[in-house]
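One structure below.
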Amino acid sequence: MTLEMSPEQIQESKIYREWGLTDEEYLKIKDEILDGRLPNFTETGMYAVMWSEHCCYKNSKPVLKKFPTTGPQVLMGPGEGAGVVDIGDDLAVVFKAESHNHPSYVEPYEGAATGSGGIIRDIFSMGARPIAILDSLRFGPIDNGKTRHIVDQVTAGIAGYGNCIGIPTVGGEVAFDESYAGNPLVNVMCVGLIEHKHIQKGQAKGVGNSIFYVGAKTGRDGIHGASFASKEFGSGSETQRSAVQVGDPFMEKLLLEACIEVIQNHGDILVGIQDMGAAGLVSSTSEMASKAGSGLRLNLDNVPQRETEMIPYEMMLSESQERMVLCVKKGHEQEIIDLFKKYDLDAVNIGQVTDDGFYTLYHKGEMVAHVPVDSLAEDAPTYYREAKVPERIQKFTDSEKYLPEITDSAVSEIFKKLLAQPTIASKKSIYETYDSRVMTNTVVAPGSDSAVLRVRGTNKALAMTTDCNARYLYLDPEKGGAIAVAEAARNIVASGGKPLAITDCLNFGNPEKPEQFWELTTAADGISRSCLALDTPVISGNVSLYNETNGSAILPTPMIGMVGLIENVKNITTQEFKKAGDLIVLVGQTFDDFSGSELQKMLIGEISGRIDFDLETEKINQDFVLKAITDGLVSSAHDLAEGGLAIALAESAFANGLGVDVKVDITNAQLFSETQGRFILSISPENQATFEKLLTESSVSGEVIGKVTDSGILEMNELSISTDEAVSIYEGALPALMK
């Protein structure tokens with residue numbers, strides 16, 4: 001049980017600093033918001049979590065304004081639980097990504113599991129039925145025992161929650177780097193489908209309307225979780241287990257079905273709905289009121305509790321999982337109670353909407369908080385941080401590109417070593433623990449460029465992916481940010497989809513350090529540039545700052561989640577070569593792009609040098625490939641990323657045990673170059689003439705570089721290895737390293 005302090009003790013002890021408030025912020029609350037009154041224990045706690053970076057984006061809000069957020073396809077952009085994009089036929093796709101980084105280091109299983117649960121609630125709070133989960137994971141070197149434990153438990157947590165709730169985990173990515181050793185990244189994306197008429201908002205309006213608490217009971221878990229996620233890790237952070245929530249996927253399944261039933265069958269009495277996520281009850285209710293310009297009066301005696309003698313501070317800040325807030329029209333309370341009772345869930349009226357603009361709490365007959373509602377939400381402070389270019393950036397910009405030399409005799413061995421690099425090696429051992437086909441909508445499961453799910457009742461499908469190569473951002477945040485969006489779009493296009501929009505998780509270091517803030521704001525410039533060029537507005541997202549341990553920051557890692565629309569299921573394309581005799585086409589030119597590459601990291605143990613990126617060529621190449629696919633000319637498609645051409649060819653050959661015979665006018669090293677904007681396609685010989693005509697008309701650089709064979713040998717210039725041996729290395733590397 002938490003012991004309350006008096007307002008005077010709070011001021012004297014400055015305990016608010018431990019909760020994340022600065023002296024200046026505390027004085028602003030006291031002098032400007034409360035007109036000289038000292039905030040009490042509950043009020044101070046509420047401001048501490050609501051003014052955390054995790055809740056109010058006080059350091060990143062000016063950066064987020066750079067993003068393009070509108071477009072004819074966007075029905076709802078940032079500001080609600082998730083973004084909503086039209087896909088025709090009166091249907092929309094709803095998606096968002098969230099981070100659960102700090103909790104997943106302290107308690108990897110529960111941290112990852114509750115990260116999944118939270119983002120799922122964001123989706124069904126919009127009225128959508130969740131149809132897919134994706135994850136983007138970053139870990140330290142896998143030869144470290146602590147890292148292996150975190151990998152094992154994080155993936156088990158994601159699998160455990162998704163598998164139990166019955167939502168397929170269909171895709172994602174995993175990468176390893178020293179910078180994540182003390183600060184892993186666990187970003188989870190959820191995608192849902194909805195009819196336009198069921199789209200909801202998180203709002204509390206209409207004087208006298210009732211505020212309902214529904215779902216699981218409140219405990220003491222996760223108190224100050226939002227504050228915990230808004231500061232650097234230090235020597236004692238691993239012991240902060242009370243800041244980590246505990247999830248129950250079976251409870252969430254009941255809550256999901258109950259909320260969907262309310263929305264679809266009782267939508268006329270529902271005013272608003274929102275997940276109780278970060279900062280729990282105070283965040284959800286104050287945000288709902290602030291968005292509607294309302295006030296709220298809540299009676300905490302009615303809050304369902306699973307622990308005894310909880311005080312208002314604990315009830316308001318608890319981040320217990322599987323809870324939602326509903327605003328219900330006055331006079332219809334019993335309908336809500338009866339519906340949730342059917343699911344054996346609490347549904348309790350805890351207050352009413354007012355028109356006084358205040359957030360007022362009562363407990364045991366006494367007023368325990370009375371503050372302007374906007375001061376908790378819309379009027380939280382915003383900081384314009386100093387940005388300073390790190391010294392390393394000028395060095396990289398001025399330097400020559402990294403150019404390795406690889407002899408004919410060495411190229412095959414280097415290829416084998418690349419196949420076994422943890423970031424490149426198959427993640428099959430991870431994604432096989434996920435149920436990727438529950439709900440029976442999954443057409444393309446993990447292992448291809450994008451996951452693809454059919455849209456029942458239509459001839460359409462959705463392609464979805466997550467992407468980010470943080471090494472590029474370390475060398476050049478602007479180009480790296482642009483590349484992250486472009487690679488996500490390449491994955492969608494290679495699957496036969498038209499990119500629609502993105503969500504993001506902006507994982508960066510401490511924004512109070514000018515060099516770290518520069519990385520954030522510069523990466524946002526690059527993301528915006530690609531989003532505008534590729535017509536993929538930012539419709540939702542999350543910011544996770546202070547990803548530093550003992551002063552050492554992670555690589556800047558803005559994870560991009562993207563969804564695309566495949567208008568006709570016949571255009572669904574996968575990366576694997578289909579049959580011997582098909583021609584292999586390389587779309588895009590290959591240059592000496594090794595800075596930040598897997599090859600550079602493997603050969604010299606570090607990354608350095610200048611990187612290049614031609615966004616105009618990227619767009620032209622993507623448009624061409626999508627046109628070729630929709631014209632029915634392409635048998636398989638795979639984008640080129642880490643490891644370059646050689647890795648892409650191998651991955652395309654693996655699934656069906658085929659070989660390749662490739663002769664291309666590039667150096668041995670360029671087989672592993674990571675020049676952007678490239679694709680590997682396979683086409684049937686009878687489509688060659690039509691394909692090459694389209695290639696010429698599109699002014700795209702592309703050429704037939706070889707053919708698919710049934711020899712079981714991968715032959716690429718001087719590189720030669722059996723497909724079986726390559727598959728064994730590729731699929732065996734990660735399980736061997738995890739032992």
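Backbone N, Cα and C define each Cβ position, glycine as well.
According to Swiss-Prot, the protein has these features:
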- HIS54: active site (ACT_SITE)
- TYR57, LYS96, ASP504, GLY541: ATP binding site (BINDING)
- GLU98, ASN542: Mg(2+) 1 binding site (BINDING)
- SER99, HIS100, ASN101, HIS102, ARG121, GLN245, GLU319, SER320, GLN321, SER544: substrate binding site (BINDING)
- HIS100: active site, proton acceptor (ACT_SITE)
- ASP122, ASP275: Mg(2+) 2 binding site (BINDING)
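Summarising the environment of GLN321 (substrate binding site), the number of other Cβ atoms within 10 Å of its Cβ, over all protein chains shown, is 29.
Contacts of TYR57 (ATP binding site) defined by a Cβ separation under 8 A and a same-chain sequence distance of 6+ are given as LEU64, VAL543, in order along the sequence. Counting only same-chain residues six or more apart in sequence, the Cβ atoms lying under 8 angstroms from the Cβ of LYS96 (ATP binding site) belong to GLY81, ALA82, GLY83, ILE119, ASP122, ILE123, MET189, CYS190, THR503, SER540, GLY541, ASN542. Between the CA atoms of ASP504 (ATP binding site) and GLN321 (substrate binding site) there is a gap of 23 Å. Nearest to ARG121 (substrate binding site) in space, judged by Cα atoms and limited to the recorded positions HIS54, GLU98, HIS100, ASP275, is ASP275.
For the binding-site residues SER99, ASN101, ASN542, counting C-beta atoms within 10 A of each C-beta gives the highest total at SER99.
The Cβ neighbour count for the residue listed as 'active site, proton acceptor', using a 10 Å radius over every protein chain in view, is 33. Counting every protein chain shown, 27 other Cβ atoms lie within 10 Å of the Cβ of GLY541 (ATP binding site). Between the farthest pair of Cα atoms in the ATP binding residues (TYR57, LYS96, ASP504, GLY541), the distance is 16 Å. With GLU319 (substrate binding site) as the anchor, the candidate recorded positions are HIS54, GLU98, HIS100, ASP275, and the one with the nearest CA is ASP275. In this structure the C-alpha atoms belonging to GLN321 (substrate binding site) and ASP275 (Mg(2+) 2 binding site) are separated by 9 Å. Neighbour density for ASP504 (ATP binding site): within 10 A of its CB lie 32 other CB atoms from the protein chains shown. DSSP assigns ASP122 (Mg(2+) 2 binding site) to a helical segment in the three-state reduction.
Cα-Cα distance from GLU98 (Mg(2+) 1 binding site) to HIS54 (active site): 11 Å (rounded to the nearest whole number).
The C-beta environment of ASP275 (Mg(2+) 2 binding site), restricted to residues of the same chain at least 6 apart in sequence and closer than 8 Å, consists of GLY81, GLY118, ARG121, ASP122, SER125, SER284, ARG323, MET324, VAL325.
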